[in-house]
């Protein structure tokens with residue numbers, strides 16, 4: 001019965017010219033000789049710069065507008081909902097703009113998840129993470145340059161474990177939040193799903209942006225929401241406060257664990273890559 005279903009599925013997808021792309025090589029040195037690789041790095045750098053610039057200024061602006069010392073109230077400014085929209089909206093815009101050039105990662109955790117899922121090589125993953133981190137630092141620095149007084153007064157939009165929560169809770173929030181994001185990335189960009197549901201148009205940046213929006217609503221009170229090591233690192237470098245650095249490991253370990261689990265879940269359980277690999281091994285034996 002299972003065999004019949006499998007044959008039927010294979011026939012259906014071949015009719016729609018579906019072909020599973022081969023896994024990316026672990027190390028692809030040839031990439032370093034291509035202009036498209038460096039163009040992708042530039043796209044990741046600029047996209048992460050713009051992402052941090054807009055989102056950090058949104059956080060600072062809300063903090064100032066709702067500051068009682070500045071005559072504000074909790075009802076003033078964009079609120080947590082507006083901050084979540086700023087993050088989700090910017091991801092939607094920037095993924096849409098850069099997907100055709102670099103894949104629109106804009107997040108080392110997304111890059112790491114795609115590496116675990118064999119979508120990118122180790123070389124591309126490392127260079128992407130470096131470009132994203134550099135872009136985040138520059139974007140946060142640009143935000144500080146425009147509003148230095150507010151930046152220093154309101155914490156630079158940096159991530160840390162908020163009062164009332166412990167580091168274990170914060171780590172769990174980062175793991176689950178990043179899992180939601182990276183799982184959405186894999187699902188929205190799955191070529192098999194696109195072939196199967198070609199009658200249902202899916203704009204990949206839209207569900208990805210919504211995932212970021214929803215996760216921010218849930219975890220802003222806990223950590224300010226990281227789920228992006230570059231975003232947390234850029235703010236930490238420019239704001240440079242002891243408390244921020246003490247908690248910094250949470251915003252790398254948590255997202256990387258969440259991304260890895262999401263990649264394994266989607267590729268090796270939902271897509272059945274592990275079973276396919278085992279079946280291929282048995283047939284060759």
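Cβ from N, Cα, C; glycine included.
Just so you know, TrEMBL annotations are computer predictions that nobody has curated.
Here TrEMBL flags 41-62 (among others) as transmembrane segment.
Here the transmembrane segment (82-101) has Cβ contacts under 8 Å with residues 39-40, 43-44, 47, 50-51, 54-55, 58-59, 62, 203-206, 208-214, 216-217, 220, 225 of the same chain, all six or more residues outside its ends. The transmembrane segment feature in TrEMBL is assigned to 82-101 (among others).
Taken from TrEMBL, the feature transmembrane segment covers 122-143 (among others). Using a Cβ-Cβ cut-off under 8 Å and counting only residues 6 or more beyond its ends in the same chain, the transmembrane segment (122-143) has close neighbours at 24, 26-29, 31-32, 37, 40-42, 44-53, 56-57, 60, 102, 105-108, 111-112, 114-115, 151, 156-157, 229-231, 233-235, 237-239.
Remote same-chain residues near the transmembrane segment (170-188) are listed as 107, 109-110, 113-114, 117, 161, 202, 204, 207-208, 210-212, 214-215, 218-219, 222-223, 225-227, 247, 250-251, 253-259, 261-263, 265-267 (criterion: CB distance under 8 Å, separation of at least six residues from the stretch ends). The transmembrane segment annotation in TrEMBL covers 170-188 (among others).
If you look up TrEMBL, you'll see 200-222 (among others) marked as transmembrane segment.
Beyond the ends of the transmembrane segment (249-270), by six or more residues, the same chain brings 107-110, 112-114, 116-118, 159, 161, 167, 170-183, 186-187, 190, 223, 226-229, 232-233 to within a C-beta distance below 8 angstroms of the stretch. Annotation source TrEMBL lists transmembrane segment at 249-270 (among others).
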